[in-house]
């Protein structure tokens, strides 16, 4: 579990944990909190992106948020393992809050206090930025921030740049899978 399901730039295994750590959690409460937030925003993001694009963005977000965490850990010298889906979930939350900034949100135990999605996103980004700069260790603030920034970027630009232009790559992939790699043109 520690080798493959926790991400740490000081580990001997660097790449696969960037994805696999998004499927491991420290405790039942950690998993329940992440799954509640994902459940709260998943229907909105699936309505916006569709199921296939949601899966592609979510899995990519897990890797990207862990990469941002790696970079910050190496830059600051604050090594240590990270795990959980919160970086990828922050992508989902940020994408929904960016697409629907006037949507109303509330905290589960304080439903009488509501706020806009846009203000919630600003507050989360401010908290994670402060946590990253000040070295707070309760959350992986760099992964949260990386996930949030990826969500904002993807919903604003990524859909147009990546998803709508995927057809040529999909055709090449299907040709490779059905016909195998093309003969010639390369070294033998």
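Just so you know, glycine gets a Cβ as well, placed from its N, Cα and C.
Going by TrEMBL, these are the annotated features:
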- 18-158: domain 'Peptidase S54 rhomboid' (DOMAIN)
- 56-76: transmembrane segment (TRANSMEM)
- 105-126: transmembrane segment (TRANSMEM)
- 138-157: transmembrane segment (TRANSMEM)
Long-range Cβ neighbours of the transmembrane segment (138-157) (under 8 Å; 6 or more residues past either end): 48, 57, 60-61, 64-69, 71-73, 82, 84, 86-95, 98-99, 121, 124-125, 127-132
Chain residues in Cβ proximity to the transmembrane segment (105-126) (below 8 Å; excluding those fewer than six residues from its ends, i.e. six or more beyond): 36, 90, 93-94, 96-98, 144-145, 148, 152
Within the domain 'Peptidase S54 rhomboid' (18-158), residues counted as helix, strand or coil by DSSP: 104 helix, 12 strand, 25 coil
